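A quick write-up on the structure given underneath.
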Amino acid sequence: MKTLGEFIVEKQHDFSHATGELTALLSAIKLGAKIIHRDINKAGLVDILGTSGVSNVQGEVQMKLDLYANEKLKAALKARGEVAGIASEEEDEIVIFDGERAENAKYVVLMDPLDGSSNIDVNVSVGTIFSIYRRITPVGIPVTEEDFLQPGSAQVAAGYVVYGSSTMLVYTTGYGVHAFTYDPSLGVFCLSHEKVRFPATGNMYSINEGNYIKFPRGVKKYIKYCQEQDEATQRPYTSRYIGSLVADFHRNLLKGGIYIYPSTASHPQGKLRLLYECNPMAFLAEQAGGKASDGKNRILDITPVKLHQRAPFFVGTKSMVEDAERFIAENPDE
């Protein structure tokens, strides 16, 4: 059975002028994921559950595990020396790594260290999301915010780790999507799903229907469409919503479906972060034959203007995302 490390080295030839930095960078993320996996599994036995009492730049109270995962991933990436700096959902500003090696590094990493962390207390799946870009500024100097404010189409690699009944790392470098399952007895990620593709059709929709009254008119119409009886299109669809983007996306990737987090009356710009959540998942979706949109525009075409920018998010089976876009276009809010 092929391990993640073996697979990454084998695929290194996909990159022109590859010299091993990206391979080492992905290995650092793999190490961070293994550490987080270990500690999530005993979270109820040590004091890393619950809130930290600290708020992030968006005014949201951070969970203890959010901060813990952020520090572990940051340390793993810094130790490898292949990263010039990071941006994280848990950090107010970019983190610039110091030292000559970091200044000469080609890549920057953006991450959501622990997506869905509020689910930890009740033992529901959570995940880590990461996104890798080649820096814009010249090597040899510290990175700037400009290196992180790139459209998603410029991503070199992206992926996530889902910590569930098993721990899985799923990633793409622009040559398909591959998934690796963690074997705790050996301490390695083993290739379990190669060239993952969204099914051509799906019958699941994932959305927090508790916010229905706040949704745009087109989204309400689409939800009703999902719930209507129609044998020709195999409706009604099944509603499945975990409340963890990674877990919901992962299920829909394997089974077929759409994940929706639209703009609402209370969050007119959307709730999910463009850089840390939408872009990496959009890259994965497109590489797996799916689609990702803000309801009108391709997610990967959006040029961000700030680190913690938000966006409405529609991602999943291509035909389902296109149906949702059609309902939004045909039913504008007055």
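All positions are counted from 1 along the displayed chain.
In case you wondered, yes, glycine gets a Cβ from its N, Cα and C as well.
When other Cβ atoms within 10 Å of the Cβ of Leu114 (Mg(2+) 1 binding site) are tallied across all protein chains shown, the result is 31. Residues or ranges marked as Mg(2+) 1 binding site by Swiss-Prot: Glu89, Asp112, Leu114.
Under 8 Å, Cβ to Cβ, and six or more positions away along its own chain, Glu277 (Mg(2+) 2 binding site) finds Glu89, Asp112, Asp115, Ile129, Leu245, Phe313. Glu277 (Mg(2+) 2 binding site) carries a helical DSSP state (H, G or I). Among the features that Swiss-Prot reports, Mg(2+) 2 binding site is placed at Asp112, Asp115, Glu277.
A helical conformation is recorded for Ser117 (substrate binding site) in the three-state DSSP classification. Per Swiss-Prot, substrate binding site is recorded for Asp115, Gly116, Ser117, Ser118, Asn208, Tyr241, Lys271, and the stated evidence type is sequence analysis.
Straight-line distance linking the Cα atoms of Tyr241 (substrate binding site) and Leu114 (Mg(2+) 1 binding site), rounded to a whole number, equals 18 Å. There are 29 other Cβ atoms within 10 Å of the Cβ belonging to Asp112 (Mg(2+) 1 binding site). Taking CA atoms as the reference points, Lys271 (substrate binding site) and Leu114 (Mg(2+) 1 binding site) are 16 Å apart.
Glu89 (Mg(2+) 1 binding site): 24 other CB atoms within 10 A of its CB, across all protein chains. Just so you know, the Cβ of Tyr241 (substrate binding site) picks up 16 other Cβ atoms within 10 Å once every protein chain is counted. Note: the Cα of Asn208 (substrate binding site) and the Cα of Leu114 (Mg(2+) 1 binding site) are spaced 20 Å from each other.
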